[in-house]
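S.K.: Attaching a single structure in structure tokens format; questions to follow.
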């Protein structure tokens, strides 16, 4: 309503129809406004909330199922489930443990991380700071394509191409580092933990590279320009500005890759020559991992044997959750930098 100037300044009746001054909404008015949403908003809110609850229910159901079946098996185990170097569920009483599986899973994952992390960080730095613009797209596309290759394809390539070509490397390692015992080799097929670790490194390389590349792209431009203005070389800029800023992101990317390496199944089962022994040499054929052991034994296992395999799967489930949780915690620490280059 428009304000009318009174003809007589002393006559206040002419401005009686002016709107009252604006007052902040009360708490009751705010609650009423929130409740007065459109039907579409209420439907979307319900679907979103239901999806989140459904995810928690699924995770709880998986954890409950694994725990229940694991307790049934472990309660009948005649050995120590964590330290036994044997897997024999067909005898009475059964004896089985995860010591060999834990060793193989951890060793192969460490080998993969030692190889993949430096290479991935180097590729990410090349794409963000060194590569010509015309090469960035094709290289990034190839990396994304590697991430889309199925695990069984990696396994077939590893068994038919990688394993036969590892003999030369194994011979060289045995000649120069065999005295350590870790790289001693008695000959035979190269279906060992080192081969598995190299294959896993190739598989997790796209994950670590893509996340690291996005982290390095978020480095504030003013940091790099300030270092260049002070006379720093490109490598000094990367060392003093880029890497410190992206350290937490690289760690979280590495943990995501580690989670993939820990749970990889088909590629490991295709390449590895499994046995239930702990080999001190990384070149000796044999060993085993959690996922490989479950995949190779589950189809022919008895009901109790499946419970035992599920018990080992519970351990892998917990390890994977811990790794992913650690990655999320590290990412959360860098939230304040997420909009640095926005």
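Placement of Cβ uses the backbone N, Cα and C atoms for every residue, glycine included.
Caution: TrEMBL annotation is automatic and unverified by curators.
Per TrEMBL, domain 'ABC transmembrane type-1' is recorded for 102-327. As annotated by TrEMBL, region 'Disordered' applies to 1-36. What TrEMBL lists as transmembrane segment is 52-75, 95-127, 139-163, 183-208, 308-327.
I'm curious about the neighbourhood of these features; can you describe it?
M.R.: Sequence-distant contacts of the transmembrane segment (52-75) (same chain, six or more residues past either end, CB-CB distance under 8 Å): 81, 96, 304, 306-308, 310-311, 313-314, 317.
Among residues of the same chain six or more beyond the transmembrane segment (95-127), those with a C-beta under 8 A of the stretch's C-beta atoms are 73, 77-89, 136, 139-140, 143, 193-194, 196-198, 200-205, 208-209, 212-213, 215-216, 238, 242, 250, 253-254, 257-258, 261-262, 268, 276-278, 282, 287-293, 308, 311-312, 315-316, 319.
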